[in-house]
Amino acid sequence: MTEQWFNEELHPWYRKSLKVLEVLEDEQTDFQHLQIVRTEFFGKALILDGIIQLTERDNMGYHEMITHVPMLAVDNPETVLIVGGGDGGTLQQVLKHASVKKVVMSELDRRVVELSRKHFTEFAPAFDDPRFELVIEDAFTYMQRNQAVFDVIISDTTDPIGMAERLFSEEFYELMKHALKPGGAVSTQCEQMYFDTQLIKDILAVAKRLTQNPAYYYSLVPTYPGGGIGFMYMSDTPWSNGLGKTYPQGLNYLNPEMHRAAFALPEFFRREL
């Protein structure tokens with residue numbers, strides 16, 4: 001990071017920059033390099049190993065879409081597992097559903113939780129909700145012990161680099177499937193259709209083997225590479241089961257029109273899939 005600009009280079013042929021006003025946190029945790037900065041336009045940003053995870057201004061396009069698509073598809077979900085998600089944004093969205101009785105977050109890096117609670121005050125109250133349980137543990141180990149437990153599983157992970165690479169593996173998707181109750185739904189962070197086509201094709205093939213109604217969908221997030229991010233929906237219950245249901249109050253991105261539109265993919269990408 002230079003004095004005034006943060007430069008992200010997830011790909012060697014693509015980079016982006018945000019103007020930084022203040023560095024709030026900069027530490028090497030037991031697992032990764034964690035930074036929280038205040039930017040000129042996007043507000044505070046969480047950066048892990050040099051990659052932007054969220055900003056205050058545009059996180060809604062990520063957190064609302066990864067959360068409410070599966071939560072609405074399942075009728076009255078009561079038990080939810082969040083893999084990763086230590087910033088609290090997905091947790092905040094899950095707790096907007098009155099049917100929820102228990103939310104477990106399996107987060108490997110305690111410092112992500114601690115520093116996010118300190119700086120992202122919009123999300124912080126969610127950590128004190130009595131329905132919430134934090135488990136500082138590898139998600140593989142946790143799900144091996146907890147099968148057929150959850151109505152919804154949300155894999156809110158970093159990009160498939162380093163220790164996070166296996167969270168995009170066939171084994172991991174099989175574990176999530178086994179941790180679901182019958183009729184439950186999974187949503188996962190599933191990268192960029194322009195940059196990661198083969199990875200998405202591979203994951204979709206696994207999802208088709210494991211469930212009856214998998215689908216890739218897409219959302220706009222300006223600070224992510226290419227200006228957007230995709231998700232994999234995986235369930236025997238169609239995602240369209242969520243259409244027509246009552247949406248939680250206080251949403252800033254998702255509405256019925258955006259819900260449908262998220263699953264409408266460009267022709268070049270449909271041909272690839």
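Think of each number as a place in line: the chain as shown, counted from 1.
Keep in mind that glycine also has a Cβ here, set from the backbone N, Cα and C atoms.
TrEMBL: automatically predicted annotations, no manual curation.
Per TrEMBL, the features are as follows:
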type     : residues                      : note
ACT_SITE : Asp156                        : active site, proton acceptor
BINDING  : Gln32, Glu107, Asp138, Ala139 : S-methyl-5'-thioadenosine binding site
BINDING  : His63, Asp87                  : spermidine binding site
DOMAIN   : 3-236                         : domain 'PABS'
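For Asp138 (S-methyl-5'-thioadenosine binding site), the nearest neighbour among the recorded positions His63, Asp87, Asp156, judged by Cα separation, is Asp156. In this structure, Ala139 (S-methyl-5'-thioadenosine binding site) is part of a helix by DSSP.
Classification of His63 (spermidine binding site) by DSSP places it within a helix. Recorded residues Glu107 (S-methyl-5'-thioadenosine binding site) and Asp87 (spermidine binding site) have their alpha carbons 10 Å apart, per Cα-Cα distance. As a whole-number mean, the pLDDT of the domain 'PABS' (3-236) in this prediction is 95.
Among the recorded positions listed here, namely His63, Asp87, Asp156, Asp156 has its C-alpha nearest to that of Ala139 (S-methyl-5'-thioadenosine binding site). Ranking the binding-site residues Glu107, Asp138 by C-beta neighbours within 10 Å puts Glu107 at the top.
Taking the Cβ of His63 (spermidine binding site) as reference, residues of its chain lying under 8 Å away and at least six apart in sequence are, in sequence order, Leu54, Gly89, Thr90, Gln92, Gln93. Asp87 (spermidine binding site) has a Cβ environment of 25 other Cβ atoms inside 10 Å. Whole-number maximum of the Cα to Cα distances across the S-methyl-5'-thioadenosine-binding residues Gln32, Glu107, Asp138, Ala139: 17 angstrom. Mapped onto three states, the DSSP output places the residue listed as 'active site, proton acceptor' in strand. Listed in sequence order, the residues of the same chain lying 6 or more apart from the residue listed as 'active site, proton acceptor' and placing their CB within less than 8 Å of its CB are Ile66, Ile82, Val83, Gly84, Gly85, Thr90, Gln189. Recorded residues Gln32 (S-methyl-5'-thioadenosine binding site) and Asp87 (spermidine binding site) have their alpha carbons 14 Å apart, per Cα-Cα distance. All protein chains shown were included, and the count of other CB atoms within 10 Å of the CB of Gln32 (S-methyl-5'-thioadenosine binding site) stands at 21.
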